[in-house]
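Record features, source TrEMBL:
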{"type": "DOMAIN", "residues": "11-341", "note": "domain 'DhaK'"}
{"type": "BINDING", "residues": "Gly62, Ser63, Gly64, His65, Asp118", "note": "substrate binding site"}
{"type": "ACT_SITE", "residues": "His226", "note": "active site, tele-hemiaminal-histidine intermediate"}
{"type": "REGION", "residues": "339-374", "note": "region 'Disordered'"}
{"type": "DOMAIN", "residues": "381-585", "note": "domain 'DhaL'"}
Amino acid sequence: MAFQGKKLINNPDDVVTEFIEGLVETYPGLQYLDGFPEVKVVIRADASGATYDKVAVISGGGSGHEPAHAGFVGEGMLTASICGDVFASPSVDSILAGIRAVTGPMGCLLIVMNYTGDRLNFGLAAEQARSEGYKIEMVIVGDDCALPPLLGIAGRRGLAGTIFVNKIAGAAAAAGLSLADVAAEAKRASQMVGTMGVALSVCTLPGQVTSDRLGPGKMELGLGIHGEPGAAVADLQPVDVVVSHVLKQILSSETNYVPITRGNRVVLMINGLGATPVMELMIAAGKTVPKLQLEFGLAVERVYTGSFMTSLDMAGFSISIMKADQTLLQRLDAPTKAPHWPVGSAGNRPPAKIPVPLPPSRSTKSEESLSRPLQLSEQGRILEAAIEAAVNAVIVMRDSLNDWDSKVGDGDCGSTMYSGATAILDDMKKYYPLNDAAETVNEIGSSVRRAMGGTSGVLYNIFSKAAYARLKANSDSTVTAKQWAEAFEAAIDAVSKYGGASAGYRTLLDALIPALSVLKERLTAGDDSSTAFVLSSEAALAGAESTKDMQAQAGRSSYVSAAILATVPDPGAMAAAAWYRAAALAVKAKYEKASS
């Protein structure tokens, strides 16, 4: 069913003049001729016909294709753009006004898209200008590759490839070439480019209803940029299929639309039609380049992706391919102040992808430092025992943790912790440098990141990395109890900072924060380190049990009623208390064995 199109406009009859007013307010290098509404001409503010000493390059046509052509007015590109009403050729008087405004002794090149109205009106204006003494040349661009060749006198339509011709002619003119040479370069460029597009929707003209010509699940191939039907209607296909079809059509040796053969250098334009997200245009570009390289054997020298010649609010894109040589590339790369010409990358393109950097612990350290030491120091033996006890405590709690979590969360706390614990256990046997406490803690974080999912995985990775950073700051190879406490405190602070929780939020911190408090208190009081560790682990257990009395303020538990929460402790806190308690008892046992 047709319906009134939604537009952010005022009077539909004023859209072009109001567009021009906004354009020149946005870009101070542009002006317009004071002839609204009949004369709608955008010119360079620095180009006056009386004094302009370069060839003037003028293009234009019906509006609705913005930024074409007014957005390409600027030094190094167009000198003026003649704007018709929406999808309507500009009047002869408007074209003449533009010629008179910017054309100096070097003359003027008119670049005209191949539509009957444009050819006639620009042609008549050119004849009139010649009769007034102006030197005028005209190049007609017909880059459409969707329609069969030799279709009557109409010929191929002008599409987005015209933007390439505008840039090349503008650069040639800026370089000081004569009118004949500028026209020759423009004509040659027009013969080297082919374009074809695909539309997913029909555009809506200001003040008119939206057409329902193109039904759901359908697309038009070989679109018309003025709302006219495309060459064919087909079922919507993945962009890979669409790109392949379009490239085969443009580069067909049977139709010979463009003189491009295997081994040639080309430039590529992926042009959005007005309502196509940048994401989709980039996907199309990413699929087009390798196809041109691998399937057609072409060297892609430049890629321009964006919206250059639109069709109001049409969804879809067109592909333009132009045969390139060094002169043409220099013209495309030449500087311009045209506001909508994209910055193209010049020179050799770097590889599109490079390897993912490995973390320093896996890439820059020697094989020796990434393997388990042949001989463990006393610190290494204690650390190994503590890690092994901690992860085993978590492993045996898997079912209990899942059961608690099924009541207050999503039921996978035990499985998540189990994955992390088993990864730590396996990795420790292979490459934990246990004699280096800081690097071992860092490797624990790497194991957790690799194997442990969910929020718990991220939090424990943060915990490990923060502890590592504090331990790494110590120059001594042996870590004191005070330094372990400082690393523990740094880890807790980091989890609180990035996770947003603190004491009383019903999280793992409700086990770890009381443990830290007691650990610091007992070490300050002079207790030996293993005793302080065990006493602080009792505080961790008590803190975890106390979560039954807390209202959750973080995680999925925050959505659970207080009545349910009161029946079970927080699974994350219980897991933290369990591994902390097991590690403390293992350290205590090691110290007692060493002293006996």
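Backbone N, Cα and C atoms are what each Cβ position is placed from, and that goes for glycine too.
Note: TrEMBL annotation is automatic and uncurated.
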Long-range same-chain neighbours of Gly64 (substrate binding site), Cβ under 8 Å, sequence gap at least 6?
Val86, Phe87, Cys203, Leu205, His226, Thr310, Ser311, Leu312
Sequence gap of 6 or more, C-beta under 8 Å: which same-chain residues meet both conditions with respect to Asp118 (substrate binding site)?
Gly61, Gly62, Ser89, Val112, Gly158
Hey, what's the widest CA-to-CA gap across Gly62, Ser63, Gly64, His65, Asp118, the substrate contacts in the record, in Å?
15
Using the centroid of the Cβ atoms of Gly62, Ser63, Gly64, His65, Asp118 as reference, list every other same-chain residue with Cβ within 8 Å of it (recorded substrate site), in sequence order.
Gly61, Ala68, Cys83, Gly84, Val86, Phe87, Ala88, His226
For a quick check of packing: other C-beta atoms within 10 Å of the C-beta of the residue listed as 'active site, tele-hemiaminal-histidine intermediate', how many?
18
Counting only residues 6+ away in sequence within the same chain, which have a CB under 8 Å from the CB of Ser63 (substrate binding site)?
Val15, Val16, Phe19, Lys40, Cys83, Gly84, Asp85, Val86, Phe87, Ala88
